[in-house]
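Asks: Quick paste from TrEMBL:
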- 29-48: compositional bias 'Polar residues' (COMPBIAS)
- 29-73: region 'Disordered' (REGION)
- 152-398: domain 'ABC transporter' (DOMAIN)
- 512-532: transmembrane segment (TRANSMEM)
- 544-566: transmembrane segment (TRANSMEM)
- 600-618: transmembrane segment (TRANSMEM)
- 624-648: transmembrane segment (TRANSMEM)
- 660-683: transmembrane segment (TRANSMEM)
Amino acid sequence: MEKSSNSTTLGRTKSDQLLETLAAVFKSPTSQSDLAPGTSDSGGTLSRKSSRRLVVGASPARSSGGGSRNAHIRKARSAQMKLDLEELSSGAALSRASSASLGFSFSFTGFTVPPDEIAGSKLFSDDDIPEDIEAGICRPKFQAEPTLPIYLKFREVSYKVVIKGMTSSEERDILNGISGDVSPGEVVALMGPSGSGKTTLLNILGGRLTHSAVAGSVTYNDQPYSKFLKSRIGFVTQDDVLFPHLTVKETLTYAALLRLPLTLTKQQKEKRALDVIYELGLDRCQDTMIGGSFVRGVSGGERKRVCIGNEIIINPSLLFLDEPTSGLDSTTALRTVQTLQDIAEAGKTVLTTIHQPSSRLFHKFDKLIVLGKGNLLYFGKASEATDYFSSIGCSPLIAMNPAEFLLDLANGNLNDISVPPELEDRVQMENYETETRNGKPPPQVVHEYLVEAYELRFSENENKLMDPLHLDEEPKLKVLSSKRQWGASWWQQYCILFIRGIKERRHDYFSWLRITQVLSTAIILGLLWWQSDSKTSRGRQDQAGLLFFIAVFWGFFPVFTAIFTFPQERAMLSKERAADMYRLSAYFLARTTSDLPLDLILPVLFILVVYFMAGLRLSAGPFFLRMLTVFLCIVAAQGLGLAIGATLMDLKRATTLASVTVMTFMLAGGFFVERVPVFISWIRYLSFNYHTYKLLLKVQYQDMVPPLKGIQTDNGSREVGALVAMIFGYRLLAYLSLRRMKLHS
């Protein structure tokens with residue numbers, strides 16, 4: 001009995017010691033010097049600006065597994081420990097000591113957890129992404145890899161646009177003298193109301209806008225923008241520009257293969273894509289299609305994380321994001337910004353525009369830039385923004401979100417905000433008639449006051465901002481390099497884009513709607529020309545009508561399919577070309593050739609149905625020659641559609657021009673009018689319908705005497721040569737049109 005009593009007392013004493021240790025940990029989570037005696041300080045570092053909670057979720061047997069100790073930890077769940085005390089109590093049942101303090105419940109059997117186990121437990125903040133923990137695998141964070149530090153500095157940046165009217169043109173200021181700097185390791189938020197110039201400033205700083213109308217200086221490590229920076233800058237656009245039919249894993253894998261340096265192998269690049277997937281918590285949806293307007297796919301938050309993953313996969317030195325939290329709920333937005341913090345902590349420079357952030361989100365930014373109507377209203381530490389505006393007389397009269405307070409000021413709205421005495425005196429002296437009913441000054445006057453107040457503050461701190469950076473020569477020389485760094489050779493780029501193109505467009509080409517359209521047309525033609533007779537003159541005339549319809553159908557169909565190619569992919573092409581993912585020639589050739597295998601499958605089914613139902617020449621030679629003729633017609637017509645779409649880059653105008661062109665080619669095709677006037681007869685030689693129709697007649701009536709419609713029964717080399725010339729000529733025109741386009745290059 002005495003031994004049992006001593007064991008029980010020992011168990012309770014050790015339990016009380018453990019609870020006291022935990023209480024000491026929670027009492028001062030930000031200071032390791034306040035931990036209970038005996039605890040180790042090696043349990044992990046604390047994240048900046050975030051409190052951590054201790055969660056114990058593994059038994060000693062599991063903890064011996066090293067990295068898998070925290071494999072089944074779940075945030076915001078109570079942790080339970082059941083430990084055996086056979087060596088201490090010789091099988092005696094001990095009472096349980098439980099405690100509900102701090103929202104935790106512990107169950108003890110008399111054995112206490114060693115203090116170093118407590119200190120070694122992983123700490124979490126409210127901002128951690130659960131998917132990273134639930135993966136159950138400790139993966140090294142590639143974001144912590146070293147990269148070239150880049151100090152971004154911009155001085156007196158201005159931008160103007162010319163708005164052309166019916167009778168005159170007007171010059172409008174978008175940005176007016178914006179200055180600031182961003183250092184590695186900082187997350188800088190760019191705030192302001194709609195139309196204040198946030199996206200324009202972001203494009204200028206990211207090198208996406210190098211127009212002659214841009215004034216001022218933007219330097220990277222005290223050097224101007226160069227092509228080398230394209231491989232060092234990640235830019236996440238406001239719109240999620242992704243291929244809807246590719247999965248998350250395919251999207252990031254293709255980005256890794258195209259953007260990562262040549263020194264890495266294919267396996268290493270694919271592994272980097274998987275690391276990004278797990279680090280962003282996308283492992284559960286990695287085999288799900290991205291989706292779009294008409295395709296169901298991943299959620300908005302996951303789509304935004306895929307866009308971020310596309311950029312951070314190259315380990316950039318500079319990361320620009322245009323409203324990455326728009327359309328997301330507060331929790332997802334918080335996780336997104338937490339990811340940006342993790343990226344910045346690795347020595348990278350992060351600059352993002354933000355729209356109406358929550359209060360928790362606002363306090364996670366290091367620096368803040370507030371714009372209003374293209375003017376700079378504040379630049380400095382985010383934590384000092386409200387103090388600055390209070391110093392000039394603008395203080396919130398009620399408790400409100402700091403972001404809402406700043407946006408109200410940027411809009412000139414002083415509701416629930418104190419009016420500075422200087423502003424009241426100005427309104428009374430100038431006797432504004434536009435004063436609002438509640439006694440507040442008009443927004444324009446408030447805006448002018450804020451601009452003048454910051455200009456006065458800036459003039460006082462101008463010397464500090466203009467101090468040159470004391471950098472080594474090596475970072476400056478690296479940034480100054482004008483040599484582009486391609487992630488893959490030309491042939492590799494072509495192969496990757498070819499495979500990506502087939503995977504993306506196979507869903508459209510083999511949709512039930514398109515298959516039904518082609519097969520139903522073939523069946524109707526077969527029924528109308530059922531077992532047509534080629535022995536009589538009337539039967540041959542009927543067959544000539546069928547052959548002409550085949551030439552028109554497979555000339556019309558590919559044109560209006562190819563027209564949408566480049567206008568629909570313009571945003572994707574601009575985004576990827578701005579990042580130097582591939583050469584334009586590799587993209588163009590891969591884009592045009594990847595359509596060929598898909599474009600030539602449905603015509604085979606069409607010819608098989610029509611050929612035998614209509615009773616055309618039943619021999620192998622004419623069958624394959626007719627198939628080859630249709631293929632040449634399709635490729636030539638597709639080239640015309642590509643040329644029209646690339647030249648105009650507008651679907652409405654391109655569709656109108658294509659309709660007129662195809663109708664003209666059809667009328668000049670030689671079926672409706674045999675004797676075309678001389679002054680317009682040249683059009684037929686540009687018509688692929690005309691050459692296709694002549695080839696089909698020669699194949700069908702090769703040995704017929706006299707020839708039908710005066711067609712000479714030669715080998716058709718002139719018609720084949722004309723179609724081949726159209727195939728290459730139209731595509732060359734399309735490529736030159738794309739090269740002429742002002743893409744972000």
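Glycine is treated like the rest: Cβ placed from N, Cα and C.
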Asks: Find the member of 512-532, 544-566, 600-618, 624-648 that has more C-beta pairs under 8 Å to the transmembrane segment (660-683) than any other listed stretch.
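Replies: Per the Cβ count, the answer is 544-566.
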Asks: For the transmembrane segment (512-532), which stretch among 544-566, 600-618, 624-648 has the most Cβ pairs under 8 A?
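Replies: It is 600-618, which has the most Cβ pairs under 8 Å.
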Asks: Against which stretches of its own chain does the transmembrane segment (624-648) lie, if we need a Cβ under 8 Å and a gap of at least six residues from its ends?
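Replies: Distant Cβ neighbours of the transmembrane segment (624-648) are 550-551, 554-567, 592, 595-596, 599-600, 603-604, 607, 611, 616, 654, 657-658, 661, 688-689, 692, 695-696, 699-700, 720, 723-724, 726-731, 733-735, 737-738, 741.
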Asks: Over the domain 'ABC transporter' (152-398), what is the model's mean pLDDT?
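Replies: PLDDT averaged over the stretch: 90.
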